[in-house]
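J.: Take this structure, written in structure tokens, and hold onto it; I'll ask about it next.
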Amino acid sequence: MKTTKPAVITRVIKMDRGKRLIAIIMLVAICPLLASCYDAREVDDLGFVIAMGLDRGKTNTLRMTLQIAKPMAGADGGGSGDDLPYEQFSVEAPAVFSGLNMINTFASKQISLTHLKVVVFSSELAREGLKPYLNAMLRGKEFRPNMPIVVARHTAEEYLQSVDPKLVTNAAKYYELVFQSYKYTGLIPKVEFHDFYLASKSPCRNPVAILGDAGKFLSAEEFDIKNSTYMDHHRSMPFEGDFFAGDIPALGGARAGNVGLAVFEGDKMVGELDGTNTTMYLLCTGDYIHSYWTFPDPLAEGRYVLMDVKQSRKPKHRVEFVDGKPRIDIMLNLEGDLVAVQSDIDYETGDNSLVLESAAEDYIKDHVQKFLDKTINEFQSDICGFGAYARAHFMTWAEWEAYNWHTKYKDATFNLTVNFKVRRPGLILRSGTSEAMESRRDDQ
Amino acid sequence: MKKKTIFGHWEASAIIMNLICTKIFLNFPRMAVEEGGTAAWIFAIYIAILAILGFTVIQKLYKPFEGKDLLDVAELAAGNIGRILVGFVILFCLGWGTVAYMRMFSENMKLISLTTSPLSYVELYFVVCLVTGAYFGIEALSRLHAFVVPVITVGFLLIMLGAVNYIDPGNLMPLLGNGLSAIFIKGAQKVSDYSEILVLFLLASFLKKYEVMKSTGYWSLVLASVFLVISVLVFSTVFPYPSSLEITIPIFHVARLIKLGRFFQRVESVFLFIWAASSLLYITVNFYLILFTFQKAFRLDYYKPLIIPLSIIVMSLSFLPSDFAEVVTYEVELFRSWSWVPAFVMPILLLILARRKHRKSAESGGNEPQDS
């Protein structure tokens, strides 16, 4: 019986010598690919850093603190009891990468920064200037451009030590979520390394960083509001944003907290803004999403109207020059949904609604104006990036550079317009209707 | 009888487009910013217009030489010496392109992906590809381009779209950037970024018809300029001037930024894939054309015996520059400042000479070449 060879084999046999040679060369060339290469690294052999803290060192230039994830601690059923999902290492070194070398000598796994979620600088280091460290982060390919930048009001080591996530078992997820809270609190800025670095070198804006600190209260008995900024805002008691990080009278969860922002001029930190001013910053830059606001009731003293305030449209900016000085027009478009009306006054419809809208506009305008004045008088730093709108008045880069925006910003004046609309009344359509009917019945 | 290789308009356009656009993944966006500042996009459009104008002149002069490549035209214009001299010039241009790009691709690959692998190991992959490509010949390469280039294009456009959250059109101000003279006078020589159009005049013999060559030229130039301008626009709106000047591999940096939710991030892996594909195609086609030019200039019967020796020479030459910065300096400041001469001026001069000869021979009773 005649046996037939498979088609592939027949084709190879029929190949001429040249083609057979090429096929052999190609097969040989594929071999190194199958055997992996010099850069092969097993995931299990690497220690993934999730947070990095940089402080001024005692024995060397830097004290570097690394939080390295313990993979099983974050997995379902893994870890035991109160075990933290990471291990913390500290080392004093002349620079970031030399510190990594030193930690690699005693950490059992090779350190990798490819999953780094946050970099924390101490305010001491930030006030001296971050240029030497930013350069390393841009050059080093393991640093991600999306990682948030935090300035710890005391030390970065203490801040990282106080991170003890209670609601998530995965520390990396904790960092990913906690710095997204600007979207629903408005109390921290939106900052990524990419933005921070570009702003630190920009001739038309200055960077900001998230302000963080370890909470200073260990029990409810210790609570106080002496570091609150409520008096600066002319209030009788603190609102939710009238604090800096670490000063909020709160317990539970991770002790590390983030409220407010660190103001920079170039790569040097020049001041801090509290949570309320951070909200105004977000409004001016257009990064504001939504959050709950406490407005003083315009018709009932001592009572408050709470609203979920959203940005209905991005802010509009225009920069004009009057006698060589910048005049900045800002138009904010906001809308609010009623969440609570303590006085039970009917703000849903009619004239009361207009009164509330007008009061909200004045309230916001006043706060934004104070925030902008602070950037001029206290910091002389254009953190909102108005310089980017001023550039359009110049034809060439040389002309723009010669104008020197950073020195002119202190002479800027602002023209603010706030449009506020109460959109939805929540689940109550007419406040106080039943009470009004009851009193009418009593009268009859 | 040996089968004559002929391929179509799309295959040729894909080859030219890839040759011109590969520099998007290397240094074109940064180079445009260096020239134009915030007006880099105006500069990119300007050199595209210059390249299309240059090609218009060349294709009009090319009309009587249907089916002839530049070496044939050089022979018509100046005999054997002309063919050999032009062959040397083309060999230099293609040789530099292959050597410089092989070194730059490998260095960049080492920078972002294969950090601990030796440079020679990285380059070995390129050498294997160019040797294999040269063995298979231009027909296989053109077919490969026809389906890989669309994949590269989709990957590139995905990266550009993904960066939309980071785009700030305000970064394009001041409108005239480094000024009119920097863009329109000093910048004009950077039309050299389109010098790969020279390859079209080598492929003319594979395209046969003048009309195919003409439409291939226009299509590839227009599409390549659209992609080059898009890359410059996205890069200069995401990275404001002058910080954009610091960046080594512009589109890689753009790709690194992309983060759509917590699950869709690290898009640079797409960049690595399309970048490697594009660069391998670039080097392979260039290397094949070196062999083709060598064979034709010196009237050799076979080119295959040259493959291994020339590949070793190319790899050895790529090690000559002492560091990455040196290659970039030679490529950007020297080659990309002057390669417009062999790409645009040389064909125009050759075609004018060849036409004059053709007219003289027609007057004296000769009948070749035919004006179509």
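Any Cβ shown, glycine's included, is placed from N, Cα and C.
Grabbed the feature section from TrEMBL, which reads as follows:
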- B:6-26: transmembrane segment (TRANSMEM)
- B:38-61: transmembrane segment (TRANSMEM)
- B:81-101: transmembrane segment (TRANSMEM)
- B:121-138: transmembrane segment (TRANSMEM)
- B:144-167: transmembrane segment (TRANSMEM)
- B:218-239: transmembrane segment (TRANSMEM)
- B:270-294: transmembrane segment (TRANSMEM)
- B:306-325: transmembrane segment (TRANSMEM)
- B:337-354: transmembrane segment (TRANSMEM)
J.: With an 8 Å cut-off on Cβ pairs and a sequence gap of 6 or more, do the transmembrane segment (B:144-167) and the transmembrane segment (B:6-26) reach 3 or more such pairs?
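T.: Yes, these stretches are in contact.
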J.: Please report, as numbers and ranges, the same-chain residues at least 6 past the borders of the transmembrane segment (B:121-138) whose CB is under 8 Å from any CB of it.
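T.: The answer is 5, 7, 98, 102-103, 105-106, 109-110, 114, 203, 206, 279-280, 283-285, 287-288, 291-292, 303-304, 307-308, 311, 314-315, 318.
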J.: Counting a contact as 3 or more Cβ pairs under 8 Å, with residues at least 6 apart in sequence, do the transmembrane segment (B:218-239) and the transmembrane segment (B:337-354) touch?
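T.: Contact between the transmembrane segment (B:218-239) and the transmembrane segment (B:337-354): absent.
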J.: Within the same chain, where does the transmembrane segment (B:337-354) have neighbours whose Cβ lies under 8 angstroms from its own Cβ atoms, ignoring anything closer than 6 residues to its ends? I mean 6 or more beyond.
T.: 54, 57-58, 61-62, 65, 70, 73-74, 76-78, 82, 86, 89-90, 92-93, 189-192, 194-198, 201
J.: By Cβ distance under 8 Å, which residues at least 6 away from the ends of the transmembrane segment (B:270-294) in the same chain are close to it?
T.: 15, 18-19, 21-22, 25, 71, 87, 90-91, 94-95, 97-98, 101-102, 105, 109, 112-113, 126, 129-130, 132-134, 137-138, 141, 144-145, 148-149, 151-152, 155-156, 158-159, 199, 202, 251-252, 255, 300, 303, 306-307, 310-311, 314
